[in-house]
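Here's the structure, in structure tokens; my notes come after.
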Amino acid sequence: MARKYFGTDGIRGRVGQFPITPDFMLKLGWAAGMAFRKEGKCRILIGKDTRISGYMFESALEAGLAAAGADVQLLGPMPTPAIAYLTRTFQADAGIVISASHNPHDDNGIKFFSNEGTKLPDDVEAMIEELLDQPMTVVESAGIGKASRINDASGRYIEFCKGSVPSGTSFKGLKIVIDCAHGAAYKVAPSVFRELGAEVRVISAQPDGLNINDGCGSTHIAALQAEVVAQQADLGIAFDGDADRVLMVDQYGAVVDGDELLFIIARDLQERGRLRGGVVGTLMSNLGLELALAELNIPFVRAKVGDRYVIAELLARNWQLGGENSGHLVCFQHTTTGDAIIAALQVLMALKRRGQSLVEARSDLKKCPQVLVNVRLSGAVDPLEHPSVKEACARVTERMAGRGRVLLRKSGTEPLVRVMVEGDEESSVRGYADELAKIVAEVCA
């Protein structure tokens with residue numbers, strides 16, 4: 001059954017436009033409290049990224065939860081994976097994240113974690129949606145929930161991240177630049193890498209509520225590229241606003257994407273006999289990743305785009321490693337969800353074990369040229385079902401003669417159609433992508 005409010009990654013939209021409004025968040029808090037409350041009280045953790053609207057929505061959610069009889073513990077600005085970890089280790093009934101991830105400050109959203117620090121099951125989301133359509137009530141005065149703050153949350157998470165590498169590990173002699181996207185990782189990420197011995201230069205770590213993801217972070221990586229070269233650093237690490245995505249930059253300023261990072265981690269695990277099963281990618285994963293893993297006899301399967309689908313496929317197969325080329329990387333040997341800091345640490349450990357630079361480590365993956373064009377979606381027409389779009393896709397696929405792929409899909413978080421073309425020659429791939437994007441745009445006009 002189609003969900004009314006929840007998308008592929010929770011509830012997300014423009015601040016001030018339904019459902020990203022204070023009154024809806026009040027009702028959402030109440031509905032969540034009612035859904036998680038079993039017999040008597042329940043306890044819910046709330047964390048957020050650094051966007052200014054987070055304070056407003058935190059208060060609204062807190063009030064709604066209290067009205068349902070739920071106690072609330074506030075974490076303040078924290079990476080999304082930290083909230084998953086703390087929900088589990090504090091044995092809370094659920095965790096709530098206030099974030100729109102890599103989106104600009106005027107967007108925001110809500111996502112939930114179960115008591116195990118995993119994505120919320122579909123049946124629980126369905127229960128919350130059902131409650132949202134019912135009248136809001138308030139428990140008896142004596143049963144109203146209480147709110148408190150957890151003051152040592154950052155320190156707990158920093159130690160957890162450091163614990164994902166072997167005891168005694170030192171990155172002394174490694175010079176890195178970290179781009180925190182003016183987001184949730186601005187305090188914890190520099191501390192993790194510094195405490196492990198690395199020389200750290202930090203950029204985009206002065207959040208003001210409005211500058212999150214603004215020309216920085218994993219979606220705007222040019223500033224990090226320039227800083228790595230200027231500082232003559234060994235590599236750069238870029239997080240997004242809620243630190244569940246990571247990309248890297250090598251010493252020459254070249255971007256190392258999620259496919260390449262996934263390959264480096266997978267090869268390291270296999271060489272140490274620690275890789276359980278294979279690797280899960282997505283429909284957007286580069287064909288080069290699939291071929292490179294095949295050379296290592298590592299199984300590879302593709303899930304739908306979205307970390308929730310990668311995670312679902314990993315769980316179904318009892319595998320432990322998966323991710324997206326956008327930088328969502330899931331290392332189940334350490335975490336219950338995608339964690340950018342921990343994924344970056346696994347890459348650094350792989351480099352350390354092999355005695356390689358990032359340039360050397362990525363060289364065994366030969367990526368096929370891939371072009372992605374985003375087309376703004378407007379109107380009621382579904383371009384993916386339009387005859388002219390289908391005919392164009394078939395025509396391009398035929399012209400590529402089995403030497404490439406065409407994929408059109410709607411974004412799960414933004415009003416966009418993503419047009420992806422992959423093949424063995426960049427100029428033709430670009431031409432095909434532009435051709436398809438033009439047709440999609442005409443249909444959407």
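In case you wondered, yes, glycine gets a Cβ from its N, Cα and C as well.
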Identity of the Mg(2+)-site residue among SER101, SER388, SER411 (reference: ASP240, ASP242, ASP244, source: Swiss-Prot): SER101
Neighbour tally for SER101 (Mg(2+) binding site), based on other Cβ positions within 10 Å of its Cβ: 27
Cβ within 8 Å of the mean position of the Cβ atoms of SER101, ASP240, ASP242, ASP244: remaining residues of the chain near Mg(2+): ASP49, PRO79, THR80, SER99, HIS102, GLY183, ALA184, PHE239, GLY241, ALA243, ARG245, ALA340
